[in-house]
Amino acid sequence: MDFQGSVPTYSYDIDYGMSAPCQKINVKQIAAQLLPPLYSLVFIFGFVGNMMVFLILISCKKLKSVTDIYLLNLAISDLLFLLTLPFWAHYAANEWVFGNIMCKVFTGLYHIGYFGGIFFIILLTIDRYLAIVHAVFALKVRTVNFGVITSVVTWAVAVFASLPEIIFTRSQKEGFHYTCSPHFPHTQYHFWKSFQTLKMVILSLILPLLVMVICYSGILHTLFRCRNEKKRHRAVRLIFAIMIVYFLFWTPYNIVLLLTTFQEFFGLNNCSSSNRLDQAMQATETLGMTHCCLNPVIYAFVGEKFRSYLSVFFRKHMVKRFCKRCSIFQQDNPDRASSVYTRSTGEHEVSTGL
């Protein structure tokens, strides 16, 4: 069977969806060799980074602002996404051995975390736009209660967006092994396949990039009125870094997903092209997954105050256990750390929440 953009592995040996059966054994063999170690690396680095953000926000910052709430939910989204990777790694190397219920559970967690991460990146972008461009209005709406309400709504939307994957994905025996993959109704196969692909492209690429372009354009216009050229340049570099990183990590996957779904339209409905697209899907999807490893860096650790919290957390909970008499453990107050940017110009908001 062919790839539907719903699970991050390739479980087939032959594709019967073409005019003649297409051998996919090489694709499966490559996936079995490369995907498990790659998924493992993404899991390790992503889990450590996002767990650090989670622990610092809970134990140190105490969720005092809308930005803190969105950062916490972004970390939770990434953690949900990452927790499924060990199971997909095992699936890529072998077959699905965890049963039908767990197939649906892990598919649901994967996509809820996936869409949740995207939606909270969008919320963080809009939040920064309001804080910098419409500062007076932001003082009224950027409350903790508002952050909680919008987060609950965002999770509901993420669950709703993931429902087709949860409903249609199931585990069943195909040939000599069990798979965990989407199975659309035969009479509506092409509709659901196209719908799923267009949904992924719109929600994971077009929508976030559109929001980033609009919001960051307004932020840049405001920052260019800043008198401190050095601080302004740093903020501008950070903004462009966020957009470029997101574009580079997710655009290849969405392009390959479109080409794979509409192979006949693009004249790629032959066995050779299908195999190459499958291999490209493996590479680009893994590349996109690594973006969740960068989220803690580009959305949290760029802030000087957040790095101060990280330093205090590290000294208090990690190194102190091995060196109780070291003078380095004198308690610092992160709230007294100077920010990179001042609130009067709005650059502080860029450094702590972009």
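Every residue, even glycine, has its Cβ placed from backbone N, Cα and C.
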Recorded disulfide partner - CYS180, candidates CYS103, CYS215, CYS226, source Swiss-Prot:
CYS103
Do PHE137 and ARG227 sit on the same side of the membrane in Swiss-Prot?
yes
What residue among CYS226, CYS271, CYS292 is stated in Swiss-Prot to be the disulfide partner of CYS22?
CYS271
Over the span of the topological domain 'Cytoplasmic' (127-143), how high is the average pLDDT in this prediction?
88
Give the residue counts of the topological domain 'Extracellular' (169-200) per reduced DSSP state, in the order helix, strand, coil.
15 helix, 12 strand, 5 coil
